[in-house]
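Below is one structure, written out as structure tokens, with a few remarks after it.
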């Protein structure tokens, strides 16, 4: 998981693009400001809209859009799994040809990117279809076994509008596959980030603190302790990071002196911010205090990351600044409002867990029975 903010220093060839033994011309202050500002804006968009969509996702009944719930056990294991994956990629790039590895990864992310972008633009595109559009429903169903032992492996429902979105996304996919253009990379990166914030749900605030705390240590170690993360980020030709050229004003769309932001710095704080939005809604006070507080904290943390990176001219572990801000600000607000207990007792069940579904159904039946008893009395 790439999670560092990297800056190609003025006059260096650190962050990508072909090198020929010559140094790059220094980036202008305007170009640097444009790059940093664009990265900040691109990071905010999937968090804001992904959080809003996570609310609808939690309430939805479509099996294909069910969120994946992260438990405290998952959160505790995640930094270890991420470290093993990162180190494995680093060793692969050291041992095997970078060209062939990136070819395989390009094909893999080509498919994933098309699906993610299609899912992202589908709600927006639905507004442009005419009322008389011939929209047919489809279902992709894979099962295993037969009779009573039959179980579903894949059950995905879609319609003609989704197929149109898939076709449009495929155009971006072919553009990315053939050119590896930074705009196509960012479209896929934004789609991955928004889908992550929307579909990955923390079950409670404590789990969020465990996840962010573990990745806080992970990020510091792999950025400051070794060159592994920065090396993988620069070698890995896949849309796992957002990039923006600092020489855009000089070279236009063919610019190649990039500043970058790992998707981990968007998705990980983003799912915590989305959880706080759902907590706000559960309070039924018609305010989104914790969501806006954590969103402002993210802006502060990422802005501080960019400032420190620019001052010291070294890649920074963004979670070093984002984690204390995104956890600390909402907790301080909860302390001021006397809602710390409510915040840490808020719990979301896993909609894919049969036990949770059974428990919810039993609770509903019990509530209904009590209501009928009161009516009879």
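Placement of Cβ uses the backbone N, Cα and C atoms for every residue, glycine included.
Small disclaimer: the values here were computed from a predicted structure and weren't measured.
The region 'Disordered' feature in TrEMBL is assigned to 1-27, 347-377. Marked as transmembrane segment by TrEMBL: 33-55, 75-93, 100-121, 199-224, 258-277, 289-312, 318-336.
Counting C-beta pairs under 8 angstroms (sequence separation of 6 or more), the transmembrane segment (75-93) reaches the transmembrane segment (199-224) with 3 or more such pairs. Between the transmembrane segment (318-336) and the transmembrane segment (100-121) there are fewer than 3 Cβ pairs closer than 8 Å, counting only residues 6 or more apart in sequence, so the two stretches are not in contact.
Sequence-distant contacts of the transmembrane segment (258-277) (same chain, six or more residues past either end, CB-CB distance under 8 Å): 1-8, 15-17, 32, 35-36, 39, 42-43, 46-47, 50-52, 54-55, 70, 182, 189, 192-193, 196-198, 200-202, 204-205, 208, 211-212, 215, 219, 233, 240-246, 288, 290-291, 293-295, 298, 301-302, 318-319, 322-323, 326-327, 330, 348.
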